[in-house]
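*Asks:* Mind having a look at this structure? Questions to follow.
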């Protein structure tokens, strides 16, 4: 730690009334751009309007003004999030069977949407149990409401109204901090203060207050619910907070108050701050007492972290010092200059944050099934599948976004004249070695992983099962993964002496948790089939990275186009008269990367869906015999391409294809509609601009003949616009098709 003489006090850094609020200005489309504000000459105008409305870099080059716009937009985003949350809670309050579900979560499905009968839609309202007819939801809200201690629809109403108030507050804040009191640039660049507030305030106090809520409200209410007490009989949340005797009846150590804390006799609190591991056999979720303990521990860590950086007092770390000291024997100047990049380029900052958040979101996807955090979540198979799929897609999009903004940083904000021999410069100087090696890895992985399947299909087709790669013939066991599983399964008592069970049942052992005759979780065996598909995962991920990284490293220049930086982030080709230079812009790499991201995530969610139905999910008899949904067919069927098509895609699509006339029929319609949206994208991806321009001019001629030609001249989509429309429909159609396929299947059989 570096201790210096006290630095001068930091002043309040805002400008008062910098920009006047003007509705006339807002009402003028394109007011942010001199060209667009003139109004439309051609139909390209509407595309440019949408493309540039939030591209604040194109409105002004003043970093302070850009920062203020981004800051203000964040409040608008938060407002929308609060509005969305309010809607979710309102549906729970007004249209749901939450109270019925709470009283019997194993026999009643969650529903918070009832379809109005207009022309026969009431068929969509299926019987979810308990006499309630509605659409079964798979968002996990019921489970999280129960975990947080909500026992009535009135409480959901109040929360919904509270969220609306916060939404209004955020809208006001967005206006206030742009028009009334806008921060100066120095405020946005004061990273130590920002770290302190975000770490100690948002994450530290946020986790602490959640831990407090869990201990004082969630735990006692869930104790009562688990014991079968009628929700209407349970005391209200504020009674637990105000009346310590109520809590002391459930957790006797509460009677002693804070004495054990100050006398360091912390083990007294082990009644409600536990370290058990494994799952609660009543609910099939993590022990809520473990979760409360976790949030308390996390809060302490973040509160400490929030006090590590030097602000008004001359004590603590400075980020600039840390970065500049960060150099090894082979890394030249190391991280020197990184501080300046991250405080003057919000694209660089955003890129880093998106990469981290995307990876974290994918980690969340895996934790949601391996360590199901909420009561009765693990036995709600539709919700489990939805949560995994949702978090995988979101993570994939965020990671592609990271590459997009890294490339925008390279094109717009990177200054090669000031960067010499730091890590970024060194990476750029040996980018050819990086990309060519990565390319070799992709070719190797692609041929070998796919080759294993092709071998199996060929042997299977020729009737030679003994020559296939499988658990019963030539084994390719994932020995490293199995070793990691065993290490974790054996951890309790060795590395974690206080824990009674390992972190997740999936690691191994003999434990099985079933709730209401349904499997919540059991050890997940890994075999040859998983070895094969994991190498497909490796292949698709590496190709995605190859495309995205090439886009970033060659964003400013390449051997083909040395002056690429002058052409900008997105451009169709290097001008007329230079063939073979199309699809080289950084934007095009993001465009291509999106398709491979879609590939990668699709294989992951297919693997998950089939593996869980085959080896985990199912029912358990009174004798303890488990019957899995697809009877353990993953290990032998998924080792051929034909098996994936026949026993996964085709066999499991029967529910969505045969859904007509049932309450799942909407999924059947979506399945068809989304296939159409996907196919529609190909029209944009496989056609040239000139073809459409010719057609348009012929149609305009006909309009002129009839004297109904518009004043705005119609234009074909530009190459980039066509690709943008294409990839959007490709992804939207593909994701919605998968959604309909998964949900119709799992709601029918789960």
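Here the Cβ of each residue, glycine as well, is placed from N, Cα and C on the backbone.
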*Asks:* According to Swiss-Prot, which of these ranges is transmembrane segment: 318-340, 433-455, 456-478?
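*Replies:* Of 318-340, 433-455, 456-478, Swiss-Prot gives transmembrane segment for 433-455.
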*Asks:* According to Swiss-Prot, which of these ranges is transmembrane segment: 664-686, 687-709?
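*Replies:* The range carrying the transmembrane segment annotation in Swiss-Prot is 664-686.
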*Asks:* Looking at 291-309, 481-499, 500-518, 557-575, which one does Swiss-Prot call transmembrane segment?
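*Replies:* Feature transmembrane segment in Swiss-Prot: residues 291-309.
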*Asks:* In Swiss-Prot, which of 45-69, 95-119, 120-144, 195-219 is labelled transmembrane segment?
*Replies:* 195-219
*Asks:* Residues of the same chain, at least six outside the transmembrane segment (346-369), with any C-beta under 8 angstroms of its C-beta?
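*Replies:* Residues packing against the transmembrane segment (346-369) from afar: 66-67, 70, 377-378, 384, 387-388, 390-392, 394-399, 401-406, 408-409, 412-413, 506, 521, 608, 612.
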*Asks:* Which entry in the list of binding-site residues, 691, 692, has its Cβ near the fewest other Cβ atoms, using 10 Å as the limit?
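*Replies:* The binding-site residues 691, 692 were compared, and 691 has the fewest Cβ atoms within 10 Å.
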*Asks:* About how far apart, in whole Å, are the alpha carbons (Cα) of residue 683 (chlorophyll a binding site) and residue 675 (chlorophyll a' binding site)?
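*Replies:* Counting only the Cα atoms, the answer is 13 Å.
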*Asks:* Do me a favour and check the Cα-Cα span between residue 675 (chlorophyll a' binding site) and residue 582 ([4Fe-4S] cluster binding site); whole Å is fine.
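*Replies:* With the alpha carbons as reference points, the distance is 29 Å.
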*Asks:* In which DSSP state, out of helix, strand and coil, do we find residue 692 (phylloquinone binding site)?
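*Replies:* Its secondary structure by DSSP: helix.
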*Asks:* Quick check for the class: what is the C-alpha distance, in angstrom and rounded, between residue 582 ([4Fe-4S] cluster binding site) and residue 691 (chlorophyll a binding site)?
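*Replies:* It is 18 Å, counting Cα to Cα.
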*Asks:* In whole Å, how far is residue 573 ([4Fe-4S] cluster binding site) from residue 692 (phylloquinone binding site) when you measure between their Cα atoms?
*Replies:* 19
*Asks:* Pop the Cα-Cα gap between residue 573 ([4Fe-4S] cluster binding site) and residue 691 (chlorophyll a binding site) into the table, whole Å please.
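*Replies:* Per the Cα atoms, residue 691 (chlorophyll a binding site) and residue 573 ([4Fe-4S] cluster binding site) stand 18 Å apart.
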*Asks:* Could you tell me what the rest of the chain brings near the transmembrane segment (433-455), counting residues at least six beyond its ends with Cβ under 8 Å?
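*Replies:* Result: 427, 468-469, 476, 532, 535-536, 538-539, 542-543, 545-546, 549-550, 553-554, 639-641.
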*Asks:* Who sits close to residue 573 ([4Fe-4S] cluster binding site): which same-chain residues at least 6 apart have their Cβ under 8 Å from its Cβ?
*Replies:* 581, 582, 584, 719
